[in-house]
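If you look up TrEMBL, you'll see 28-255, 80-92, 97-103, 150-242, 155-223, 163-180, 184-197, 198-208 marked as disulfide bond. Among the features that TrEMBL reports, signal peptide is placed at 1-19.
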């Protein structure tokens, strides 16, 4: 029995040792409602944190993430009110998800526009992969950094005010643009066969170069270290890596 208890204790300690610490910092002067989504079709490991919560201005929240977390997304929602109506994406001005405050673990990916921090932590010798994605558009400045000196991924600029008119919005009660949609999310072109969405005959890196994506340069020139369209890896400044053996802890900052 003692041997069994010792084995279980060691297993628990090993599991804890293999977890990473993720910290979400809200440096915005307003409340943000962060959300987490894990693509369970890719991996079953999930963070030790609810899939959605309220985070007031200048607050910091830390939680554990398994070191085999795959296809994970963290983003912020703006101007939310979960006190009335049917729980769902329309309870936030942007970034809302199915489920309301707690995003549905199967379908709560978030509604564009939203700036998304994406993670696939390294397993089987692969490195950690992470990026700040603008593929779904933009709704908050965001930065990913870490404690091991690996590259910073970010979009530190407020892209709302100067957003091209066809992409601008939604707008808050004062008329201020709190989002900037991607050309795909803005519905520019046929969504099933569209270079803006890299769909149909444009569904490969060769047939969907950045030069064919409307307004790509607006996002990439302002946020060069972001993932600005579906195949932006070719830019060399979209997808970032960190040696998984370093077991880096990551900080996601809104309004860095």
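The backbone N, Cα and C atoms fix where each Cβ goes, glycine too.
Shown here: features listed in TrEMBL, placed on the structure.
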residue: 28; record: disulfide bond; DSSP (3 states): coil
residue: 92; record: disulfide bond; DSSP (3 states): strand
residue: 97; record: disulfide bond; DSSP (3 states): coil
residue: 150; record: disulfide bond; DSSP (3 states): coil
residue: 163; record: disulfide bond; DSSP (3 states): coil
residue: 197; record: disulfide bond; DSSP (3 states): coil
residue: 208; record: disulfide bond; DSSP (3 states): coil
residue: 223; record: disulfide bond; DSSP (3 states): coil
residue: 255; record: disulfide bond; DSSP (3 states): coil
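Shown are the disulfide-bonded residues 80, 97, 163, 198; the one with the most C-beta atoms within 10 angstroms of its own C-beta is 97. Cα-Cα distance from residue 92 (disulfide bond) to residue 28 (disulfide bond): 17 Å (rounded to the nearest whole number). Looking at residue 184 (disulfide bond) and residue 163 (disulfide bond), their Cα atoms lie 15 Å from each other. Classification of residue 242 (disulfide bond) by DSSP places it within a strand. Within 10 Å of residue 155 (disulfide bond), counting C-alpha to C-alpha distances, fall the following of the disulfide-bonded residues 103, 197, 242, 255: 255. Cα to Cα, residue 208 (disulfide bond) and residue 80 (disulfide bond) are separated by 35 Å.
When Cβ atoms from all protein chains are considered, those within 10 Å of residue 255 (disulfide bond) total 19, not counting its own.
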